[in-house]
Every structure is written in C-alpha cells, then in structure tokens.
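Comments concern the structure below.
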C-alpha cells in the first residue's frame, strides 16, 4: 500500500492514544521508534497488515474494528492534509459521492501518487424507498470494514447526516484478473433525510428523466454527425452488438477507419479499466458510474511514418472517459479524451495539444501537471537537502558533544562553559586549597616485567578507578602522566571541607590501587601519596588546546612529600593535620613522621592512618564482603606482598645490569660516578651565573613554582 496509509494510521494512534502507545505498536511491529513513513513510498501489504494486527492487539480491539476506526479517521486526516475542498466539491448528495468514488480513487492512485496499485471499485444503487445499496469489490481480502467507517464519517462530515451502514452479503467472485472480494452494504439515512423529508435530496439522487424539463427544439439547430465528430474527436459510439456506429474525427483519420464498414469495439481497442470485467454491453451498463480506460490495438499513421527508426514511438494511444447510454439504451457513447497527464506522455504518443479541443480539460491538466512536476522536483531536491542538513546537524551535534567531552576532560566544567561562550578566563589565586600527588614506587619493576600493552592495561584500570573516587569526593584531576597523578581540592570550586575530602580521597586511592593486580607478578599495585595545603594559582594555558594548570610552591612541597612517603602510605603535612582538626566533620588518626628537609625549608609530616567516622567501604562506595573487616582499614594497611615487591625490584635491577653489560653500555653505578666527577670539576671552577648557580648546572626544582 502507499505510505499515506501508514502515515494516516500513525496519526490516528498518536491522536487518540498518545506517543507512548504509538511507539509500543511500532516497536512490536518491527519498526524503530523514530521511523518516518514516506507518503510517496510503497509498502508491502504484509507490512500494513502487521501494523493493524499489532495495533488491534495493543489497543484491545478486533482487527475489523481497527480497520473501521481507520476508515472514519481517513476522512478526517484527508481534510486536514489539503483534500478538504476537493471532497466538499465532489457531489451534492451521498449517492453521487459514492458513484464518484471510483474516479476519485483512480485520480488519487494514478495521478496524485503515480501508483500502479489496484484499488477497490464501488457500485451504488437505490435500495428500498429511502436506502442505498453499495457494492464493494477488492482484490485485497478483509479490508471491507474500512467502507463502514468511511461512509459514516463522509455522511457526517460532508452532508451533516448520520447513516447506518450494515453488511448484507459477503462472497468471493472470479473475475478476469482473479478472485475478488464482493461485499454488499446497505446504507440507511436518519429520520431527517428519509424520503418525503426536506433533506432527502442530500442523501439520494432525486433527478429523473421524467421530471427533466423539455424544450421544443427546431430541427435546424440539431447537431449533425459530421459536426459531432469534430466536437468530440475521440468519441466511440456502439450498439448492443458492440459494433461501432460512428467515431471521432481524430480516430477516423489517424487510424484509417474511413472505409471500414463493420468494426467491433474489441477490434479497435482493449479494455484496461475496469480490469475485472468482460467487455460486454451488459457489463458496460452495470458500470456506468465507473471510469473507463481503453488502449488502442494499433498505432496511428504518425507513428508508422518513421517505423523502424530510432525515433519510432511504440506506445499506443490510451483513451479515458465515461460511458453514456443514448437512444433509449440501444446505444452507448464513449465520451473520452487521450489519457495523458504530462508533456512526456504527449511526446511519446506523437500527439499535440492542438489535437485536443479547447473545451477539453485535458489540455489544462497536462500543462498544470507539468508545472506540478517541476514543483515536485524542486520539493524533492528541497527534501533531500533538508535530509542532508538534518544529517549534518546530527553529525555536528555528535562532534560537538565529543569536543565538549574532551574540553570538560581537560578543564573544570565552570571554566569549560565560559570557554564555550567565548569568554576570557583569567587566572585565579586560591589562598586555601589542598593538593594530592600520587605515584607508583614500583613502576620501574612493573615496566621491566610487563609488556607495554600490559602496562597500559594496568594504568588504564587504575586511572578509571581513580576518576570515580575523585568525582565522589569533589576533587579535580589536574594531570595524569605515566604513573603520577595530581589532584586538587577546593579548586576551582571553593570547598570549606576540602582537606577532609582530600584525606578521604587519598584513603580511597590507596584502597582502589590494591584492587588492581599486575600481570606476571600477580601482586597488587602499591601507591605512595603526599598531601599538602596552601595557596596556588590556577588558570588556562593555551587557547587551541586549553589545559588547566596549577602553579605554586604548594605543588612543589606536595611532590616532595610524596617522594618521601612510603609505599602503601599517605604522608600529609602538618598544615593539613591542623586544618582538619579545626572541624568536627571527621576524626582522622595520624602517626608522626618527623620533619622533612625540603628546599623550601623543614616541613613537619604525619602518616594518615584512618578516618574514625567513616569506613573504607563508605569512602570507596563499595559493599563489604563476608570475610572483610568492619571498617576495612585492616585490608587497607595490610603489608602482604611487601617482601615480594622488594625481591622483584632487586631482580629487575639485576636484569637491567645484565642487559646493559650485554649491550656494552655503562652500568648505572658507572654513570653515577661519571656524573659525580663532572660535578666535582665544576665546583673547582670559579665560573657561575648571576644567581650563584654553576654554569651548565640544571636547576631541577624551583623553590617558587612548578607547572604541571
């Protein structure tokens, strides 16, 4: 069926039952939820039937009731999509409307939608004093309930009446094109539209030949046969024996019929529509309300002139029109026109617009339809352009989301939003924040024993776990490089309890690291962590590839504290310990470690043991196993594997020494001795720069700041 059917039933379900029900029906019918049916596309009948069966099941209706409801909504949807005026000007009463259903169906299928599909046919006749009998023929089985809903809604919408539609008979008939379903309906009007009532003419045709006005015409104004042939150049008149009595002037001349005395209709042309009947006089009388289409069996003289050449046209002429009984039913005249709708059709037949009478609407139809085709081509290009733009917009949104994700990965969300808005983000000084620095003391041992792929796998797993804990405890990852991790608290968003959150974060990092096992060594990863608090300066570096950087002596001190920490331990400065003791939010337990001699001076440090108000399981947001301790600190500070790591480290240095010897390289000891001799020679000289540092001596660590 045409896609208009799918669009219409989708609109029906959406309007009456809502988008959720429509999505459920489409999903169960095998379609994606965001599918858009194309009005001009043709869908297999099995797809259409499946949609209606699924819809009936979901809505709790029978399939016949679903088709009947669709028939009622069909008229509503047609009126809302631009067909309202055409429907209202179809007929003056319901009977005439039903009589013209066949021609309207043909127009919609063949001209509006350019479809070759076979639609149903209808016959309407009076039934009793006030009723109508409607015959429905269709090659598709089971669609007859549509007619009941359609007729009821048509009567109510177009003629303001209520009718009762009942099925009288249903059977199968064998026609020329195959088996068709024949259903007979009775249509009864309401009380205001019955015979004898003022509005009866709105229901049934009251025109009869008996009450038609008669005029006394002078014989001098009667139309002669020659004039009639010129007025209707394509007409064909035949008698009950199907023998042609006279024919239009165009057919007479172009097909060489002047000298033919006895010519049957079947010798000149073959019936195309209605396709399911035999061409007999009786059948023609039965289908007077149906559009007839004939195809001529021979080519005109125009086409035979160039027969055999590349320009020869082989398409025969097709005539379309209506049958009208004349001479008290003893003859039938076929008033018709060439069945052409576009300029291309005329060219293929070697016809010309001048071959059609000026009163023939086919001339206007061809020119209007040609204009419509041009408009449709423009609309088609516009639709394709819109689809491309929509696709490009979707791709742009995907790229934008990827860019935003990368931007939010490197800079805090607040700053990222400002950068997206093209605002300048100046550097800020934060007088109070905490800094965490972590590294893996056994990274050298891991790199010797594991392949590069295995190292990447371990680090990736580790950092994924870290990111989750950082987000939970309101920290911000400034940098992750090799085995090092720099995290800040209270930057860029101020946080009154940044020290407490940072210490909980440090405990969580230690625990998560223990959950990662190094391949080949089968040992848990050990971290060492340093925590310090103080002022920093933070800002964006680079415009094309923005990075969030933290500068200041606090960063240097934190790095130094981390380097003096022990594997599996968190070493914090006294400033951090003093800060957390001011608040009663958490109660942390520390062990003194003494003073560290750093370049910036002595720093008192402590080892962090635990948070007495919060268990490890709460910190890492994980469930406690059956055999685990209540607070989790036994597992956190377990020294299992320490000796194995020491043995593995010694073995790793031994391997490197052997490799260096085999490659004829200097050992690490020899390199250190060479370096010491070089330094000794430099100290013997009196050359120095203005700051007192020897020439060529690298300034490894600045006492002022460090850029991460």
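The backbone N, Cα and C atoms fix where each Cβ goes, glycine too.
Of all the Cβ atoms in the protein chains shown, 15 others lie within 10 Å of the Cβ of residue 105 (heme binding site). Feature annotation from Swiss-Prot assigns heme binding site to 105.
Here the Cβ of residue 483 (Mg(2+) binding site) has 20 other Cβ atoms within 10 Å, regardless of which shown protein chain they belong to. The Mg(2+) binding site annotation in Swiss-Prot covers 439, 483.
Residues or ranges marked as coiled coil in Swiss-Prot (evidence: sequence analysis): 368-409.
Each residue of the domain 'Guanylate cyclase' (434-562) gets a DSSP state, and the totals for helix, strand and coil are 55 helix, 42 strand, 32 coil. Positions annotated as domain 'Guanylate cyclase' by Swiss-Prot, on the basis of sequence analysis: 434-562.
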Rounded Cα separation (Å) that holds between residue 105 (heme binding site) and residue 439 (Mg(2+) binding site):
79
Which whole number is the mean pLDDT over the domain 'Guanylate cyclase' (434-562)?
90
